[in-house]
Amino acid sequence: MESSLAAIANSGPISIFSYCVSSILMTVTNKYVLSGFSFNMNFLLLAVQSIVCIVTIGSLKSFGVITYRQFNKEEARKWSPIAVLLVIMIYTSSKALQYLSIPVYTIFKNLTIILIAYGEVLWFGGKVTTMALSSFLLMVFSSVVAWYGDEAVSGSGNESFIALYLGYFWMATNCFASAAFVLIMRKRIKLTNFKDFDTMYYNNLLSIPILLASSIIFEDWSAENLAVNFPSDNRTATIAAMVLSGASSVGISYCSAWCVRVTSSTTYSMVGALNKLPIALSGLVFFPAAVNFWSVASIFVGFAAGLVYAVAKQRQQKENVSLPSSK
């Protein structure tokens with residue numbers, strides 16, 4: 001029994017499969033809740049996810065599966081600006097996913113990579129190689145193709161047209177918020193020496209009071225609105241999806257570390273690029289989305305862009321490793 005469990009724990013294919021499943025699960029469950037009839041309590045959804053995340057990693061820690069540092073007030077004070085940025089990022093992400101289909105959301109999310117790359121050039125002395133630049137051009141092209149595919153479908157209705165561009169507004173805001181979050185968090189991690197689960201613990205713990213306060217202040221908690229957000233015919237399924245999406249966020253983090261441990265960072269980066277294809281396709285399978293030549297083409301162009309970017313980053317890492325020995 002122990003040998004079979006050890007074999008699973010050290011299996012590359014199983015770790016890769018688990019990472020892909022957890023990524024798809026979180027995206028699909030979020031979309032299920034957010035695309036519900038007139039769902040408008042995004043802050044509540046995000047608060048529930050953060051609470052579930054804290055409970056889950058706390059349980060895993062008690063069983064000795066993971067470890068993270070104890071709560072420290074001074075560390076929490078220093079980390080609080082990151083938590084605020086996280087709230088902005090996940091809220092704008094939820095709003096974008098509410099209005100856009102999963103394939104379009106996934107494709108436009110690639111544009112965040114461009115902002116982060118040039119942010120690293122400005123703040124950390126990074127560089128953008130020719131191959132990386134080529135992947136950026138492919139990302140922009142895939143986004144234009146996705147926009148054209150959505151435009152072709154939504155052009156007939158005024159309401160859907162407004163909702164579409166509202167989705168693009170939230171997506172653009174999310175790209176900038178995500179880039180700011182990643183870049184500033186990277187700088188803070190270097191100062192605090194946080195590990196993955198330390199980061200997850202503080203991010204979610206500090207986000208909970210912000211999200212709950214925002215929900216109470218900005219969202220309608222009347223009985224009528226709660227009935228709209230949680231209709232009796234699918235109330236249980238909606239709540240279950242909210243809880244499941246919170247647990248799957250832990251799964252993504254755990255499976256990421258698992259995948260890197262039993263394979264390599266190179267394999268993991270390739271899996272991250274390849275995983276965009278099944279996530280985007282899951283949106284076409286599980287939800288009503290624009291299915292035409294342009295929407296399908298944009299998925300595969302975006303997939304190719306992610307693949308080219310992963311290869312570019314691998315080559316750059318190899319060059320960086322070989323630099324000290326060349327001196």
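Cβ atoms are placed via backbone N, Cα and C, with glycine included.
The annotation N-linked glycosylation site is assigned in Swiss-Prot to ASN158, ASN234. Look at Swiss-Prot and you will find 1-4, 58-78, 126-131, 185-207, 260-266, 313-327 tagged as topological domain 'Cytoplasmic'. The topological domain 'Lumenal' annotation in Swiss-Prot covers 26-36, 94-102, 150-163, 229-238, and the record cites similarity to another entry as its basis. What Swiss-Prot records for 5-25, 37-57, 79-93, 103-125, 132-149, 164-184, 208-228, 239-259, 267-289, 293-312 is transmembrane segment.
Note: the stretches the transmembrane segment (132-149) and the transmembrane segment (37-57) are not in contact (fewer than 3 CB pairs below 8 A, sequence gap of 6 or more). Same-chain neighbours of the transmembrane segment (79-93): 42-43, 46, 170-171, 173-174, 177-178, 180-181, 184-185, 188, 192, 202-203, 206-207, 210-211, 214, counting only residues six or more beyond its ends whose CB sits under 8 Å from a CB of the stretch. Highest Cβ pair count under 8 Å relative to the transmembrane segment (239-259), across stretches 37-57, 103-125, 164-184, 208-228: 37-57. Counted with DSSP, the topological domain 'Cytoplasmic' (58-78) comes out as 11 helix, 0 strand, 10 coil. The stretch from 37-57, 103-125, 293-312 that makes the most Cβ contacts under 8 Å with the transmembrane segment (208-228) is 37-57. Each residue in the topological domain 'Lumenal' (26-36) gets a DSSP state, and the totals come to 9 helix, 0 strand, 2 coil. With a 10 A radius on its CB, ASN234 (N-linked glycosylation site) counts 14 other CB atoms from all the protein chains. Residue counts for the topological domain 'Cytoplasmic' (126-131) under DSSP, helix first, then strand, then coil, are 2 helix, 0 strand, 4 coil. DSSP labels the residues of the topological domain 'Cytoplasmic' (185-207) in these numbers: 20 helix, 0 strand, 3 coil. With DSSP classes pooled into helix, strand and coil, the tally for the topological domain 'Lumenal' (94-102) is 7 helix, 0 strand, 2 coil.
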